[in-house]
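Look at TrEMBL and you will find 98-139, 141-182, 183-215, 273-318 tagged as repeat 'WD'.
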Amino acid sequence: MLLLGGHLKRAPPQKILCGFCAMMGKLQSKLRHSTYKYRPDAIREERIQTTAFPEYSPAHVDTVSVVAALNSDLCVSGGKDKTVVAYNWKTGNVVKRFKGHEREITKIACIHTSNQFFSASRDRMVLMWDLHGSSQPRQQFSGHAMVVTGVAVSPDSSQLCTGSRDNTVLLWDVGTGQCMERASVSRNLVTHLCWVPREPYVLQTSEDKTIRLWDSRGLQVAHIFPTKQHIQTYCAVSEDGHRCISCSSGFGGEGCEATLWDLRQTRNRICEYKGHFQTVASCVFLPRTLALMPVIATSSHDCKVKIWNQDTGACLFTLSLDGSGPLTSLAVGDTISLLCASFSRGIHLLRVDRSRGLELREVAAF
């Protein structure tokens, strides 16, 4: 309210709002996000990152659904704009755009340091691309009746495993594009697929709250892990193939966890990581060179990326990406970098800083 000639006069609310938004716009470049450091004495330290960082040209014009690292310089991403983009995240340049899908891209699979990669889409297709080849797909794989929600390529690139909301898992010959095996399990709405390194096994998460281990030799279920309480959204396997992580949906802190499993003889649950307040959408094993102890990272719809002690389940650090919207995908870029896709702000380049322990900070966005 304004005092004019002894009378109170109400200021137009829209003008106040516009002035507030203008002020916030000026602050946006500095007040990017908050971070939380968990000290050994369990006291949480909060820091606000005010250092400006470069915002490169956006890789996409809409929500980014998935990002994967092709090598230590390049990543491949896809989203609602139906375009697959190869991006040099060290220089901030688009290397190539690939168009061929008719609907949103849901998953991308590649072998690190390889030039070939695969994209899955809501158009029920999986396409194979070559970074140094034509912008048109080299091969297409058509056989699902609904959106393709899982794609994994074998370590030798000869086979491709795909999964869908149509309850089926398919095994393909990459060279010919022919489907070699088909398996269907009732209520098995696939959410993610991951090939176990140096093994014929494929790990799969599902909306039926289970994690299945498939044997690609005949495409049979080799093991079913104990059923969880919430939808399993994602899975990842350690480089040695001994352990895997799965992520849970949830809300308000109910569910919202990641779970570590033994992939060897016992195949038991080893540890749980709780601290997110919404669905955990992605998880990765971090390189062993980062810390003295083994660590993992998770990203969630609560806009937070967390680093965890793999053995104890303790949260070591939390980075909150304010304004990003739900975080949709997480990938290891190199030995000290993570790539995080988001609903509202494209892809975030995160760097692990070991100068003051184990911290995570945003260094660029595109």
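Count begins at 1; order follows the chain as displayed.
Cβ from N, Cα, C; glycine included.
Note that this is a predicted model, so its numbers are computed, not measured.
Residues of the same chain lying 6 or more positions beyond the ends of the repeat 'WD' (183-215) and with a Cβ under 8 Å from any Cβ of it are 107, 109, 149-155, 161-165, 167-170, 221-225, 227-237, 239-241, 244, 246-247, 261, 263, 267. In the repeat 'WD' (98-139), the DSSP tally of helix, strand and coil residues is 0 helix, 21 strand, 21 coil.
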